[in-house]
Amino acid sequence: MSERTVIERGEETFYKTYNRFPVVFDHGKGVWLYDENGEAYLDFGAGIAVMGLGYGDPEFTQAVKDQTDKLIHISNLFYSRPAVEAGEKLLAASGMDRVFFTNSGTEAIEGALKIARRYAYNKDQSHDHEIIAMHQSFHGRSMGALSVTGNDHYQEPFKPLIPGIRFAEFNNLDSVKALVNDKTCAVIMETVQGEGGIYPASQEFLEGVRRLCDEHDMLLILDEIQCGMGRTGHMFAWQGYGVEPDVMTTAKALGNGLPVGAFLARGKAAQAMVPGDHGTTYGGNPLVTAGAKAVLDIFKKRDIPGHAAKIGGYLKEQLDGLAEECDLVKERRGVGLIQGLEFICPVGPIVTEALLKQKLVLISAGSNVIRFVPPLIIEKEDVDEMMKRLRAAIAAVKKAD
Ligand SMILES: *Cc1c(COP(=O)(O)O)cnc(C)c1O
């Protein structure tokens with residue numbers, strides 16, 4: 001079956017919620033992906049910030065293979081060693097008190113929202129609690145996560161969503177203050193907004209929201225699904241601010257491609273839910289937690305966050321250089337290996353040209369931003385190669401105009 005037929009059959013088969021690029025990937029190695037013709041693509045998207053260790057890491061792959069042979073699933077009615085060990089390691093890395101493993105990021109958000117509701121309910125048994133979320137945020141596609149996602153385009157066709165959500169402006173503390181009342185139980189935000197265009201929280205904003213939460217006994221929920229797991233140079237982005245959340249979510253790079261996420265809580269928030277309040281059939285099964293445990297071990301052993309900080313600094317310099325020389329680029333934003341280049345025009349043509357002609361995988365974040373979320377194991381020469389291909393793609397698109 002030719003590549004073309006696979007694409008056509010895919011088009012006939014999948015529910016049409018995606019516009020896919022016409023490429024069929026077959027295997028990967030390190031920071032490279034290969035299509036069915038053996039053509040190599042440099043990957044700066046990492047399966048949307050998932051493949052932190054890149055493709056085919058021998059230690060990670062072996063851990064998953066070994067667990068596959070032993071035991072894949074048992075349900076959460078029993079204990080398994082990989083789940084306990086991955087959980088302990090996640091608590092140690094985050095300083096949180098409790099963890100709940102989920103199958104995805106959006107489910108981690110659902111759990112975090114339920115903690116907020118439960119926490120407030122425990123105080124007054126009322127049903128009118130409010131949560132403050134941010135404009136231009138992204139927290140997932142399930143109805144709860146969508147309700148706190150500040151994107152009209154995503155929300156509009158699916159209303160009514162869950163009630164009691166109010167939207168503030170990211171990095172504008174006054175706009176958050178203005179929404180707080182005695183019914184507000186939580187503030188949820190990404191530490192670095194990803195999908196919305198790569199906007200890091202400012203130090204003053206994060207500190208200010210933390211203070212506000214303390215003053216009003218509201219929970220601070222930080223969504224670290226995209227920006228966490230070493231990407232900013234810290235294990236979790238909030239660790240770079242010295243501001244602790246009450247509840248945090250992780251997923252994407254946690255399983256290096258295995259479907260595993262988690263919500264974590266500390267202090268009073270870690271006590272809010274009780275047995276029977278939440279559950280999942282697959283969540284944190286031995287297979288995915290063996291993978292997460294291997295990821296956490298490798299992160300520590302090879303200091304992956306430290307490497308991300310170093311290479312991230314280099315990537316930032318190179319992107320700043322491009323921003324200066326290219327009149328199509330408005331600005332660069334980001335921290336470590338989560339970077340964005342905002343263009344003065346839609347980036348769709350550049351991303352497509354890069355992929356199909358330059359064999360460079362890039363993804364966008366909104367219409368005008370190219371997002372750089374490569375595997376965390378990239379080296380300087382990968383950045384140099386990416387820049388070369390990106391420049392060529394920009395030049396080709398400019399020429400075509
Ligand atoms: C990807 C993402 C989610 C949703 O995760 P899924 O695994 O796709 O459900 C939530 N929040 C942020 C910040 C994300 O980047």
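Note that Cβ sites are derived from N, Cα and C of the backbone, with glycine treated the same way.
Copied over from TrEMBL, here are the features:
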{"type": "BINDING", "residues": "GLY105, THR106, PHE138, ASP223, GLU224, ILE225, GLN226, THR281", "note": "pyridoxal 5'-phosphate binding site"}
{"type": "BINDING", "residues": "ARG141, THR280", "note": "N(2)-acetyl-L-ornithine binding site"}
{"type": "MOD_RES", "residues": "LYS252", "note": "N6-(pyridoxal phosphate)lysine"}
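Structural mapping of features recorded in TrEMBL.
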residue : record                               : DSSP class
GLY105  : pyridoxal 5'-phosphate binding site  : helix
PHE138  : pyridoxal 5'-phosphate binding site  : coil
GLU224  : pyridoxal 5'-phosphate binding site  : coil
LYS252  : N6-(pyridoxal phosphate)lysine       : helix
THR280  : N(2)-acetyl-L-ornithine binding site : coil
Between all pairs in GLY105, THR106, PHE138, ASP223, GLU224, ILE225, GLN226, THR281 (listed as pyridoxal 5'-phosphate binders), what's the biggest Cα distance, rounded to the nearest Å? 25
Given the binding-site residues PHE138, ILE225, GLN226, THR280, return the subset with CB under 6 A from an atom of ligand 1, ordered by sequence, or none if empty. PHE138, ILE225, GLN226
Around the Cβ of ILE225 (pyridoxal 5'-phosphate binding site), other Cβ atoms within 10 Å, all chains included, total 28
Listing them in sequence order, which of the recorded positions ARG141, LYS252, THR280 have their Cα within 10 Å of that of GLU224 (pyridoxal 5'-phosphate binding site)? LYS252
CB contacts for THR280 (N(2)-acetyl-L-ornithine binding site) [other CB atoms within 10 A, all chains]: 16
Spatially closest candidate among ARG141, LYS252, THR280, the listed recorded positions, to ASP223 (pyridoxal 5'-phosphate binding site) (Cα to Cα): LYS252
For the recorded positions ARG141, LYS252, which one has its C-beta crowded by the most other C-beta atoms within 10 angstroms? LYS252
On a count of neighbouring CB atoms within 10 A, which of the binding-site residues ASP223, GLU224 is highest? ASP223
